[in-house]
Every structure is written in C-alpha cells, then in structure tokens.
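Visitor: Pulled these from TrEMBL:
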DOMAIN    72-320  domain 'G-protein coupled receptors family 1 profile'
TRANSMEM  57-80  transmembrane segment
TRANSMEM  92-114  transmembrane segment
TRANSMEM  134-152  transmembrane segment
TRANSMEM  172-190  transmembrane segment
TRANSMEM  235-258  transmembrane segment
TRANSMEM  270-292  transmembrane segment
TRANSMEM  304-322  transmembrane segment
Amino acid sequence: MKPFSHHLLWIFPLSDFTTHPDTLQKDMGETKNTSLDPVVTGFVLLGLPHPPSLRTLLFLVFFIIYILTQLGNLLILLTVWADPKLHARPMYILLGVLSFLDMWLSSVIVPRLLLDFTPASKAMPFGGCVAQLYFFHFLGSTQCFLYTLMAYDRYLAICQPLRYPVLMNGRLCTILVAGAWVAGSIHGSVQATLTFRLPYCGPNQVDYFICDIPAVLRLACADTTVNELVTFVDIGVVAASCFMLILLSYACIVRAILKIRTADGRRRAFSTCGSHLTVVTVYYVPCIFTYLRAGSKSPLDGAVAVFYTVVTPLLNPLIYTLRNQEVKSALKRITAGGKATRENK
C-alpha cells in the first residue's frame, strides 16, 4: 500500500481523472498495482439505470419532487414559526427542525441526481464526493436522533402529562436538538474519514447515484473488511438503538392511551402519534434494507435508496399537514389572517 501522503494528490485538477492502463489488476480477489499507478482524483457517478427514452420524463419527475419538497417543508417551517401556539411547544419545534433537515438532505441528493438525466458530465471531484458522503450521513443520522427525540416528547406528553411542562421545556428541547446535531456531525465525520482514508487508484466509476459508503468501498485498492464491519456496527448500533427507544416509547404510549376512558380522547392521542409513527416507518424500513445488506448488488437497492433519500423528505410535510389537526388549524389561521390583512388594505 502506498503511504498516505501519496494519496493527497487528489487535490490536483479534475483533468487528471484518467487512470494508468495498468493501474489495477484483480486476480482471485487480490488487488495489485504498480508504483506508477496514479491516485484517483475524482469519481464518475453512473447514476440510476434508465432507458434513454425516459430521460426527460425522469428529469421532470425528480425536479418536481425536489421543488415540492422544498416548498412543503418551507411551509411547515413558516407555519411553526408564525403561529404562537406551535412555536411555543417542543413537539412543533422538533417538527420544524425535521423540515429543515429534510430540505438540506434533499438538496444534498436531488440536484446531483438530476445531472444523470442531462448530457452534463457525471464526474465529481474527490472532495465533492467526500462532502456528499459526509453531509448525507450527517443529516441522515441527525434525523435518526430527531425521530427518537420526537418519540420521547410524545411519551412525556401522553404518559406524564402533568409533569410534561417541566420535563420537556424549551431550554431542554434546545439542548437535545443541539446534541442531535453534534452526534450526527460526529457520525458523519467518522464514516467519511474511514471511507476515504483508503487508497483509491482506479477504476473511478461509482455504480450508484450518490457517493455512499457501499458503492465507494467497492473501488478501494485495499482490504475493506474493517470498514464494512465498522460501518455495519456503527450504523447498525445508531439505527437499532434509536429504533428500539422509539418502539419502547410507543409501547408505553399505547398502554397509556388504552387507559383513556373516552373514545374521543383515545382518537386524539392516536392522531397525535400517528404522523410520527408513519414517518418513522417510511424512514427506517428502507434504511435497514440498504445498510444491513451492504454487500448486496440487488437492482432494488437503487430504488429503495431513492425512496428514503428523495421521496421521504417530500412525504414528511404531507403526512404532518394531512394527519395533524393542529397544523391544519394553524395553516387556516395564517391563511385567514393573510386574507384579513389584504381586505383591510
């Protein structure tokens, strides 16, 4: 293996993307390279397999999804910020943070995905690939922690209603959200560092639509067993721990709801939790499918990844506006207030 300093050559311009013809030889799973092998200075994302005849249609579909995602989540953010009844409650502060994360996660993935359906170059600088992988895992893991905080908030509100204002106040909510951001940043840094500390000497074609760990590791010119193990354990521990805490919270919530005597009270309690539980399901199931099968090359992997990276950020504002009565009421108040202001003018 070349010394690490040799691999810092990726800072050279993208014109050096080409690799030596004798760069990489694979025989019975072993990688061999000569001292003349250049270091990969960038990657080419092959994107999603698609018929050329559908290129324009797919571009329009993903472009519309991206615009609707940004507008929908921005609407949630503005509603929480503008309505005094919402932005004073931790539940909706967390919802606003989730919308902010969805907007950024979509922006990390979709604009680069749209290039797959254009004649533009599919090349990505080495640094750009590092940044995309880091922000993808940073924002994704932060979402994971945030879903857990939202479940904990619902647990306190339903199971400890009298102590809720003390146990979950604005200051504590801010601290917990900040902790989720810091933990997510650490997680993203660990994954990016472990992935790109390996030597990449060619080929440089990533068989995926984003720079993600499983696809990039296949191009490494070194043994990736340790990386795969750490990735499996790290992501598995983070996702499984959060998921188990969410399930535990909802087990307590369901037990508390069943003790409510009135049918209307049970319905309102289930309605409050239903939106969050739906979002958790559509987020975790595809993630588990993707990362617990890191060595898989199934054609379904790309479709599943598109669902939780592109479609889920679009579904979140729809789920919360269609299923949450308080958000719908706030939207009506804001709309009515806007109409009254225009009439007074």
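All residue numbers here begin at 1 and follow the chain in the order shown.
Cβ coordinates come from backbone N, Cα and C, glycine included.
Automatic, uncurated: that is what TrEMBL annotation is.
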Visitor: Under a Cβ pair cut-off of under 8 Å, which of the recorded stretches 57-80, 92-114, 134-152, 172-190, 235-258 contacts the transmembrane segment (304-322) most often?
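Guide: Between the candidates 57-80, 92-114, 134-152, 172-190, 235-258, the best contact partner of the transmembrane segment (304-322) is 57-80.
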Visitor: What residues in the same chain, six or more past the boundaries of the transmembrane segment (172-190), come closer than 8 Å to it by Cβ-Cβ distance?
Guide: 90, 93-94, 97, 133-146, 149, 153, 234, 238
Visitor: Counting only residues 6 or more past its boundaries, what in the same chain has a CB within less than 8 Å of a CB in the transmembrane segment (57-80)?
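Guide: Counting only partners 6 or more residues beyond its ends, the transmembrane segment (57-80) has Cβ contacts under 8 Å with 48, 50, 86-87, 92-93, 95-96, 99-100, 102-103, 106-107, 110-111, 113-114, 117-118, 310-311, 313-314, 316-318, 320-321, 327, 330-331, 334.
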